[in-house]
Amino acid sequence: MRVVLLALRFMCMAGLWPVTQLNTSHFKRRHKESYLGDTVKQKHAGRVDPKMKKLDSTKSMLIKSEQLLRIEDHDFAMRPGFGGGALPVGIDVQVESIDSISEVNMDFTMTLYLRHYWQDIRLAFPSSSNKSRTFDARLVKKIWVPDVFFVHSKRSFIHDTTMENIMLRVYPDGHILYSVRITVTALCSMDFSSFPLDTQNCSLELESYAYNENDLMLYWKNGNDSLRTDEMMLSQFFIEDFQPSFGLAFYSSTGWYNRLYINFILRRHIFFFMLQTYFPTMLMVMLSWVSFWIDRRACITTVLTMSTIITGVSASMPQVSYVKAVDIYLWASFLFVFLSVIEYAAVNYFTTVEEMKKLKRAKVPASFNNAQAMAFDGCFHDNDIDLTSFPEATSTPNTERNTRARNSTVSSPTEGTKLRCKPPLKRHLSFIMSNSYMIDSYSRVIFPLTYLLFNIIYWSLYS
């Protein structure tokens, strides 16, 4: 009996032994964790390591955001509401600056903030405080966003300093704000008929690339207030107006697309061209009038200067096939300078012809020596030449008739004789040639008055 009791006691002790060891191990582990916790608190004076805390919070926030928006549960290659009606996408734009305007390339460069508004139910999430969540470009690549592009753009890029300038804001009901900062260079078809007194109408056009009007509907979110501009100053233009508008574009292969327009009107500053082109041209024309009193070489100088001005203006302009306003002014001024040169050449020619006639009628005084006589009539005189060795010219009926005519006295015409008069044009020409100084006298009045009349008409038409 005693042996049986010992056996039962031994079996009970063997059964309780694992439970005792398990409790002892659990107690030691809890004691060790308590000891390590106290050690960490003593080491950091009651503070948790910030680096460990930051890593933990970042990791948990990423997991929560991914799970909250259920990005992995949907196919974001498809637009929201696929198979239904067109998705409304609101647009508003804030123009930061117009960086440059090129007449030669016929384009402009603009920096702007482009904001998109739409709703994607797939990104809705529960929120008791109804607060939105804001993300950067890293999340944008994982969801669907509108594929808006700039029509007629030559170059464009999204700013990426210090990170890509992209913002995504998601609201609990699935409404989304997507904003990007872009610089774009786009075509502007300019009309230079009135250059430099011109006004240019340019526009920046936005359109969806893949989705036509049956899939995506672009519209200005706040009407005319959807386009906002900062105060901008340009070197050569006044910005008269910024105005948004809406239209449709048709492509034969894919159909109709919604298109939004940012229209702005530019009026050119005239003062720069007054200093660089118009005032120098006026001075050159006036300088050519001085040739009515001074040497004609001054006219040649003004012609060369006018040619230089015309060449300089043409080099800074696009090669258009029509006449510009500045071309009319420059070539008209060039014509005035050219006519001044022609006027002086005519006066000089008539004066020279008249002087030669006077020299032929005049006789060389007997007191002049050979040098004086040559200076007088331009002919060489040599009294030492013996003319007796030359045979005497035989007389002919014509020479005898001319001799008799010179020797005969002028008699009055008999009754019935027809008088021959010089033609009026030839008579007037002879009068002008004999009084060439009158050309200068008239030119000093006609040239300034004509140029003044031209300026009055020119500035009345183009300004």
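Placement of Cβ uses the backbone N, Cα and C atoms for every residue, glycine included.
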Original post:
Quick one: which of 165-183, 184-202, 298-316 does TrEMBL have down as transmembrane segment?
Top reply: 298-316
Subject >> Long-range environment of the transmembrane segment (270-291) - Cβ separation under 8 angstroms, sequence gap at least 6 >> reply: 196-197, 236, 298-299, 301-303, 305-306, 309, 313, 326, 329-330, 333, 336-337, 340-341, 343-344, 443-444, 447-448, 451, 463
Subject >> Local confidence of the domain 'Neurotransmitter-gated ion-channel ligand-binding' (71-269) - pLDDT mean >> reply: 93
